[in-house]
Structure formats: C-alpha cells, structure tokens
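J.: So Swiss-Prot lists these for the protein:
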BINDING   Gln163, Lys339, Arg368, Ser369, Lys390  (2R)-2-phosphoglycerate binding site
ACT_SITE  Glu205  active site, proton donor
BINDING   Asp242, Glu287, Asp314  Mg(2+) binding site
ACT_SITE  Lys339  active site, proton acceptor
Amino acid sequence: MSMITEIYAREILDSRGNPTVEVEVYTEDGGFGRALVPSGASTGEHEAVELRDGDKSRYLGKGVLKAVDNVNEKLAPEIIGYDVFDQAGIDKKMIDLDGTKNKGNFGANAILGISMAAARAAADELGLPLYTYLGGFNAKTLPTPMMNIINGGSHADNNVDFQEFMIMPVGAPTFKEALRMGAEIFHALKSVLSGMGLNTAVGDEGGFAPNLKSNEEAITVILEAIEKAGYKAGEDVYLAMDVASSEFYDKAAGKYNLAGEGKVLSTEELVEFYAQLVDKYPIISIEDGCDENDWDGHKLLTDRIGHKVQLVGDDLFVTNTEKLAEGIEKGIANSILIKVNQIGTLTETFDAIEMAKKAGYTAVVSHRSGETEDSTIADIAVATNAGQIKTGSLSRTDRIAKYNQLLRIEDMLSDVAVYDGIKSFYNLKK
C-alpha cells in the first residue's frame with residue numbers, strides 16, 4: 001500500500017488550441033503520474049459531460065477552470081489518503097462523489113484526469129511500464145492501427161461528408177512494419193493529391209482534407225496511393241471508414257443529408273449505399289454508419305453486412321456498458337470504439353472492453369480529435385490486448401506520440417510481442 005499524498009490540476013492546451021485538464025498525482029513512496037485529458041469534436045449526446053466554463057471572455061467560453069477547481073478543491077481532498085494501487089476504489093469514490101450518471105457535477109475531464117494520473121503514479125512507483133501495470137504480464141498484443149489519412153465531416157473544412165477514411169495495414173508481420181506501411185501510403189497519397197491539383201493541408205487528426213467530388217472518390221484516391229506505395233489493397237491493406245452519420249442526420253425528416261454529394265437518403269437507401277461500397281472496395285470496418293439514435297437503422301445495417309464488415313459503435317455506445325449491453329442484446333453492431341473520456345474512468349473503460357470481448361465484439365481503443373502528447377491509450381490498447389487502435393494519421397505530434405509509444409512497447413516486449421493484423425477481426429467471416 002502507498003498513499004496518495006498530493007493531487008494537482010492545471011489548465012493546459014490541446015492540439016486544437018482549446019483548454020483541457022492536466023492532473024498530477026504524487027504518492028508517499030515517491031510515485032508520480034501525470035495525465036492530459038483529450039476532448040472530442042463530434043460527440044455523442046450520451047457521452048459523459050466535458051465540463052467547460054462558458055465564460056465567453058476566456059478561450060471563447062471553452063476554459064476548464066471549473067474542472068480544474070473541482071480536482072483541486074473537491075476531489076483531491078477526498079482521494080488523498082487512498083491507496084494508489086486501488087484503481088477501482090479511487091474511480092468508484094469519484095463516481096459516488098459526483099453523484100450523476102454522466103459525471104455532470106464535477107465533469108468527466110476532471111475525474112478522468114485523476115483516474116489516469118493515479119494509474120501512472122502506481123506504475124511509476126512499482127517501476128513498471130503502464131501497460132504491464134494495467135494488464136499484467138499477459139499484455140503483449142500490439143494493436144492493428146486504423147490510420148486516418150483523409151479527413152472530412154466535422155474534422156475538416158471540405159465537402160466530404162464522411163468524417164474519416166482510414167487504412168489498416170493488416171498484412172504486416174509486426175507493428176513496426178505496419179507503421180512503416182502506413183507512413184509510406186500517407187506520403188504516396190500526398191503525391192497523388194498534389195498531382196490532382198488538390199489541397200494537401202491536414203485536418204484535426206493529421207489526415208489530408210481535400211475537396212473531392214464524392215465520398216467514393218476519397219476511397220479511389222486512397223487505393224491509388226496504396227498501389228503507388230507498392231502494396232496490395234485487400235491483402236496488405238484494408239480500408240476503414242468513420243462515417244459519423246449523426247453529423248449529417250436530419251432528425252426531423254428522418255433522412256441522411258449527404259450535402260457534399262447532393263443526396264438525401266433514407267435509412268434503407270444509406271444501408272444499401274454502404275453494401276454497394278463494401279462489395280466494390282476492400283472495406284473492412286465502418287463506424288457509426290447510422291445516427292446514434294437510429295437503432296433500427298443499425299440493426300438493418302448489421303443484418304445486411306455485419307457478417308463481413310466490422311461495424312463499430314462510437315456515438316452509438318459511447319464506451320458505456322449499459323448502452324453496449326443493449327446493443328449486444330439486440331444484435332446491433334459487432335464492435336465498440338473505446339474512448340476514455342466518453343465514460344470518464346479507467347475502471348469503466350476496462351469494463352466496456354471486457355464486456356465487448358465476452359460477447360464476441362471487437363474493441364477499438366481510440367483517441368479524440370482534440371488530443372495532447374499523452375500516450376496513455378497506447379498502453380491501454382496493449383494492456384487489454386484490444387487488438388485495434390485508432391489514433392489518427394501519420395502526421396502531427398499529438399497523433400505520432402501514440403504510435404511512437406507503441407513502437408517502444410513492441411521493442412520492450414521483444415520476442416513476446418504479437419501483432420495480429422487480420423486476425424484482430426476475429427468475428428468476421430470475410
């Protein structure tokens with residue numbers, strides 16, 4: 001046992017220049033942990049609350065001094081004295097103190113900061129890597145990355161409706177080689193886009209954000225880049241998409257407005273559109289294919305293509321075990337996106353991953369569009385043997401920080417390290 005002796009939070013900036021929370025935890029035996037909390041752009045309406053100040057005279061109302069004060073003045077006095085190794089106890093105490101289902105009292109950004117920093121302090125005190133402390137000595141699977149190389153939707157100022165077009169180097173023998181493949185394709189894509197006279201500026205998550213004629217053109221230019229880099233689509237590399245359809249769903253009309261393509265589709269038409277894309281292109285994963293509240297649409301999509309495509313619930317499940325349990329019961333989707341700040345504690349994050357695996361769902365550990373240099377999610381992916389990670393493109397230090405941490409972990413694990421590649425899609429019949 002080692003008691004927590006000090007907890008301190010401050011306001012810092014994330015990758016979009018918006019304030020976020022940083023927390024430091026100190027223990028009596030010299031343990032130290034620091035955690036930086038991420039934030040999202042497209043957020044599910046059922047996510048845990050990210051507490052912002054709302055004071056328009058500071059950071060356009062996006063300051064987090066209230067959350068910082070909640071750590072320093074309200075949570076710290078209650079958590080100081082806890083055994084730093086009692087992660088579940090620390091997290092439960094903070095949930096109980098908050099007293100709301102969505103952490104709306106203190107803010108998930110306050111609670112998560114302490115949760116992650118405490119884990120880091122515990123690992124530091126034991127002299128263990130974070131992934132080993134969290135996952136034990138069975139933590140050895142490096143995740144197959146989803147690399148976001150074309151940004152659209154709310155992540156970019158262009159006319160592409162779908163939010164993310166990603167590559168997954170499933171044919172690589174190691175994570176190191178997977179990263180190399182991704183980087184080479186990223187640079188090949190820049191060359192392809194430049195040759196077409198298109199913009200090669202990048203979006204929030206480091207992917208390119210060109211104005212393209214359609215969502216389908218985003219797919220075809222990526223396929224061209226894969227070939228240009230010397231790889232084979234559908235063998236070495238598969239495609240993945242985060243549609244983020246809640247962002248273009250017209251609730252009043254019950255229709256999906258693909259403004260970039262000038263199309264308004266019913267749920268049935270949208271599902272058929274996905275089915276046609278999957279038949280035509282090597283797409284292995286689709287995230288949030290329907291609106292977060294269009295559960296009938298998600299069921300239709302799952303029944304239509306769920307046997308051969310990973311269907312990931314992000315806004316649909318918001319890393320929440322209650323939502324996930326409902327989805328499992330109804331046979332909706334076959335995968336969950338795991339975002340630590342959607343739920344607000346490490347304990348609840350691990351519970352969601354465990355529930356998914358027991359039900360035969362895959363789990364994809366994910367970043368947010370507003371990130372920092374914090375690399376905790378890389379350790380979480382390995383600690384839980386999740387098998388997949390989504391942490392942006394092959395540019396911007398806030399994204400590369402996670403990839404570099406995974407390289408270090410693979411190095412530390414040495415011959416014990418496992419990279420599953422295509423095997424990480426264990427529930428598909430593709």
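Cβ coordinates are placed from backbone N, Cα and C, and glycine is handled just like the others.
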J.: Around the C-beta of Arg368 ((2R)-2-phosphoglycerate binding site), how many further C-beta atoms are within 10 angstroms, looking at every protein chain?
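T.: Step by step: centre on the Cβ of Arg368 ((2R)-2-phosphoglycerate binding site), count other Cβ atoms within 10 Å, giving 28.
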J.: Tell me, which recorded positions from Gln163, Glu205, Lys339, Arg368, Ser369, Lys390 are within 10 Å of Asp314 (Mg(2+) binding site) if we use the C-alpha atoms?
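T.: Near Asp314 (Mg(2+) binding site) by Cα: Lys339.
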J.: Starting from the Mg(2+) site formed by Asp242, Glu287, Asp314, give every other residue of that chain whose CB sits within 8 Å of the mean position of their CB atoms, in sequence order.
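T.: Residues close to the Mg(2+) site, other than Asp242, Glu287, Asp314: Gln163, Glu164, Met241, Val243, Ala244, Ile286, Asp288, Val312, Asp315, Leu337, Lys390.
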J.: Which recorded positions are spatial neighbours of Asp242 (Mg(2+) binding site) here, meaning Cα within 10 Å, out of Gln163, Glu205, Lys339, Arg368, Ser369?
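T.: Gln163, listed in sequence order.
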J.: Looking at the binding-site residues Lys339, Arg368, Ser369, which ones sit with their CA no more than 10 Å from the CA of Glu205 (active site, proton donor)?
T.: Arg368, Ser369
J.: What are the non-local neighbours of Glu287 (Mg(2+) binding site), defined as same-chain residues 6+ apart in sequence with CB under 8 A from its CB?
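T.: Set apart from Glu287 (Mg(2+) binding site) by at least 6 residues yet with Cβ under 8 Å, we have Glu164, Ala240, Met241, Asp242, Val243, Ala244, Leu311, Val312, Gly313, Asp314, Leu337.
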J.: What whole-number value in Å do you get for the largest C-alpha pair distance within Gln163, Lys339, Arg368, Ser369, Lys390, the residues recorded as binding (2R)-2-phosphoglycerate?
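T.: The widest Cα-Cα gap among those binding residues is 17 Å.
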J.: If we count other C-beta atoms within 10 Å, could you say which of the binding-site residues Lys339, Lys390 has the fewest?
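T.: Selected from the binding-site residues Lys339, Lys390 on minimum Cβ neighbours within 10 Å: Lys339.
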J.: What is the Cβ neighbour count of Ser369 ((2R)-2-phosphoglycerate binding site) at a 10 Å cut-off, with all protein chains included?
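T.: Ser369 ((2R)-2-phosphoglycerate binding site): 24 neighbouring Cβ atoms within 10 Å.
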J.: Under DSSP, is Asp242 (Mg(2+) binding site) part of a helix or a strand, or is it coil?
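T.: DSSP call for Asp242 (Mg(2+) binding site): strand.
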